[in-house]
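Notes for the one structure printed next.
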Amino acid sequence: MSRKRLTFWNKLCYAIGGAPYQITGSALGFFLQIFLLDVAQLDPFYASIILFVGRAWDAITDPTVGFLVSRSRSTRIGRMMPWILCSAPFAVATYFLIWFVPPFEQGKVVWYLVFYCLFQSMQTCFHVPYSALTMFISTDQTERDSATAYRMTIEVLGTVLGTAIQGQIVGGTNDCPADLEGRNVSKFTVSTVSLDESKQAYMISTGVICIIYLLCTLVLFLGVKERKESKRYRGQLLTFRRGLYMVMSHEPYIKLVIGFLFTSLAFMLLEGNFALFLTYTLGHRKDYQNILLVIMLSGTLTIPLWQWFLTRFGKKKAVYFGMTWAVPFMILIVSIKSKLIISYLVSVAAGVSVAAAFLLPWSMLPDVVDDFKVKNPGVHGHEALFYSFFVFFVKFASGVSLGISTLSLKFAGYETGACLQPEAVSLTLKTLVSLVPVVLIFIGLLILKTYPIDEKRRQDNQKLLQEMLDSDTDSESSALGSNV
């Protein structure tokens with residue numbers, strides 16, 4: 001039986017659909033914490049509440065939306081696409097309001113908390129069905145892996161774009177002196193003029209990102225056709241409780257999720273605190289946005305390398321090598337005296353691991369879903385649950401970590417609006433971008449060592465699924481011939 005292959009344009013349009021999630025995610029991940037502290041000028045305690053509750057709420061909505069998507073009916077344009085199209089305009093509106101500084105002080109915390117949670121809800125309604133769409137663009141795992149590599153390349157480009165737009169527009173609005181060493185901490189604060197310029201810069205960058213979000217959604221809709229499901233998978237619909245039980249009792253999924261939970265936490269901690277670390281610990285306040293951009297560019301250029309590596313040596317080996325690559329550079333950046341050229345070199349090296357962290361979880365999840373299909377051939381509607389629960393665990397844990405890390409800055413004596421922070425803040429930031437991520441990476445790799453799906457098992461699953469698909473096609477053809 002011949003299989004319809006995805007064209008280059010199909011893969012590219014599918015990949016472009018993933019850009020909005022990463023563009024907004026990188027802008028929020030790198031800049032929201034420093035925006036809340038230094039532009040909105042919230043107390044670190046309230047900023048930690050916003051970051052934690054927003055991520056926790058986002059985590060809760062993932063399995064909820066995953067279940068609703070799995071129970072939704074197929075339409076003329078598919079089962080996933082209506083969710084994507086309907087959620088995009090609301091996601092754009094709420095995202096814009098996150099970066100707006102309201103003209104009142106009382107209620108400002110509520111403003112950011114409400115719109116951050118609303119945006120996360122709309123983003124979930126966009127991203128969960130988009131992630132599950134991987135299983136509906138092709139039945140061939142090789143084609144899906146190829147499309148995933150396209151997607152990861154575009155998504156890393158999305159992080160570059162989000163970092164570039166946000167960083168380059170807002171990066172030059174701070175009027176703190178370049179060299180503050182040895183000066184009085186309380187003497188230098190950001191002026192009102194500079195603060196107003198920063199607010200305006202954030203509005204401009206947010207407007208640009210919102211336009212790109214809508215354009216990418218349109219490209220996805222026009223360039224990707226969602227495949228109809230085989231009749232074999234239209235039988236038994238999962239209830240939420242049964243779906244939760246079956247997903248959580250699938251051993252390969254649990255080990256994959258927990259392993260990547262720790263490695264993802266490591267990179268999220270690094271992402272969330274790196275702008276503050278570059279600004280206040282290393283003193284690169286005029287260059288931090290460029291260093292962040294170099295990390296993302298390095299990651300983009302090495303995505304094809306990792307796709308080749310996992311194809312040539314297997315996905316588990318790619319995980320071990322890709323995640324450990326960053327460890328020496330995480331240690332180096334906090335161990336030597338601050339020098340701009342070294343920071344740039346470390347950022348290039350760190351970008352290589354960022355690429356692996358982007359590609360590998362999403363490349364391995366379809367293997368787990370296929371393994372589940374082989375063991376439960378009569379179950380239907382489970383794809384979105386696998387993706388949504390994976391995102392749930394990662395987001396909830398990242399919310400806890402970001403909340404705790406921001407709260408730890410308050411205990412260290414972080415001063416809102418100050419150009420220079422106490423030494424305790426510098427030490428805290430070093431811990432958050434080096435020691436803690438390194439420990440988390442090694443814990444994650446120890447867990448992933450027990451992940452049972454190797455290349456042989458993956459290929460065997462593919463053969464079994466193809467036989468099942470061929471059997472369905474023959475049955476449908478025979479039934480059509482009988483009716484005629």
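Using the three backbone atoms N, Cα and C, a Cβ is placed for every residue, glycine included.
Automated prediction, rather than curation, is the source of TrEMBL annotations.
Source: prediction; values computed, not measured.
These come from TrEMBL:
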type	residues	note
TRANSMEM	12-37	transmembrane segment
TRANSMEM	81-101	transmembrane segment
TRANSMEM	113-137	transmembrane segment
TRANSMEM	201-224	transmembrane segment
TRANSMEM	256-282	transmembrane segment
TRANSMEM	288-306	transmembrane segment
TRANSMEM	318-336	transmembrane segment
TRANSMEM	342-363	transmembrane segment
TRANSMEM	384-407	transmembrane segment
TRANSMEM	427-448	transmembrane segment
For the transmembrane segment (256-282), could you work out the same-chain residues 6 or more beyond its ends whose Cβ comes under 8 Å from its Cβ atoms? 26, 29-31, 33-34, 37, 51, 288, 291-292, 323, 330, 338, 343, 353-354, 357, 360-361, 364-365, 368, 389-390, 393-394, 397-398, 401-402, 405, 409, 420-421, 425-426, 429-430, 432-433, 436-438, 440-441, 443-445, 447-448, 451
For the transmembrane segment (384-407) and the transmembrane segment (201-224), check the count of CB pairs under 8 Å (sequence separation 6 or more) and say whether it reaches 3 or more. no
Segment-segment contact (the transmembrane segment (12-37); the transmembrane segment (201-224)) at 3 or more Cβ pairs under 8 Å: yes
Do any residues, 6 or more residues outside the transmembrane segment (342-363), come within under 8 Å Cβ-to-Cβ of it, and if so which ones? 131, 134, 145, 148-149, 151-152, 155-156, 159, 256, 260, 263-264, 267, 278, 282, 284, 287, 291-292, 294-303, 305-307, 310, 315, 318-319, 321-323, 325-326, 329-330, 332-333, 336, 390
Same-chain residues at least 6 beyond the ends of the transmembrane segment (201-224) with a Cβ under 8 Å from one of its Cβ atoms are 9-10, 12-14, 16-17, 19-20, 23-24, 27, 35, 39, 77, 81, 84-85, 88-89, 91-92, 95-96, 98-101, 126, 130, 133, 137, 161-162, 165-166, 169-170, 173
Residues sitting near the transmembrane segment (318-336): Cβ under 8 Å, six or more positions beyond its termini, same chain? 263, 270, 306, 309-310, 342-343, 346, 349-350, 352-357, 360, 364, 430, 433-434, 437-438, 441-442, 444-445, 448
